[in-house]
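Shown next, in structure tokens, is the structure this report addresses.
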Amino acid sequence: MKVYKRLYELLGRGYKPLKSARLIKRGKDYYIGITLQKAVKEKKIKKPRYVINVDLNVQRNLACIGIFEVDWEKRESKLYGIKFVNGKLLRLVYKRDYLFEEIRKKQRQTGRSPQVGDNSRLWKKVNNLNRDIALKVAKEISDIAREFSEKGEVIVVFEKLKGLRGRKGRSKKLNRKINFWMRRKIQERVKELGLEEGFGLDFVYPHYTSKKCSKCGYEGERFSPSGSKALFLCKKCGYVVNADVNAVFNQHFLYLSHLLNGGGKARPVVRVGTSLKSPSREGHNLSGVPKATTTFFYISSLLSTF
């Protein structure tokens, strides 16, 4: 009988096994499932040194992560770096989408539901891939939070998930359900890791974060000149930036305004005309963050309560 190293790692970190266990059969193999538990105290963070804003895409870039360092005395926020979670993880997304398309083809040919025959087998693979992707994205986010927790208190901020709205077309509705499930799974896993690692988790309502220019505040639009990546173009100032990065900036501004107003109603606190420097290849090295492409931007956002 094989005993996985992961079990010893968890036991070494203070986890204790429950008395009950269960026997699991997968194919021709049998496994013993053991539930471990650990008592932790949730950490209340009111003035974090680092705010990590996360925009979950789960398609093009699985996640766009902005790491911001906050100086509460000077009321100044500085962007430490931007990281895209994609790379090898996107291969799992492509594999999942391929299987998903196979399910659709078989449904059109046979008229069978996903719970019958080959469709059921393929659907199990899709579910396993979704779970694997969600857990790995959550680990990427948590690795960054844990690294910066060594320097000061950290809060990871996600956009508040909205309820699913009905749309015409079964395929679109199903895609939305899958994406909603993945976002929720990622957030739940990051929360679990945060309780253990000591960093906080919070949410912000996505109030026009993807539609407004993070430089001047005017409304803009997305476009894809090469067909591979989405950019944001401001109709007023002409500012062009990666659309996910623009959303992360706006999300951060909203959350900082929430913190500076003592948890009150969020309102813009970044002065109109705040400069955003162009992307640079130079920057801090986010060590300990594997399998990802990192692009750095810099911003010094002057914060005021007006």
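Any Cβ shown, glycine's included, is placed from N, Cα and C.
These features come from Swiss-Prot:
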| type | residues | note |
| --- | --- | --- |
| BINDING | Cys213, Cys216, Cys234, Cys237 | Zn(2+) binding site |
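Other residues of the chain with a Cβ within 8 Å of the Cβ centroid of Cys213, Cys216, Cys234, Cys237, the Zn(2+) site, are Ser214, Lys215, Gly217, Tyr218, Gly220, Lys235, Lys236, Gly238, Tyr239. Note on Cys213 (Zn(2+) binding site): other Cβ atoms within 10 Å of its Cβ, all shown chains, come to 22.
Within 10 Å of its Cβ, the residue among the binding-site residues Cys216, Cys234, Cys237 with the fewest other Cβ atoms is Cys237. In the three-state DSSP scheme, Cys234 (Zn(2+) binding site) is classed as strand.
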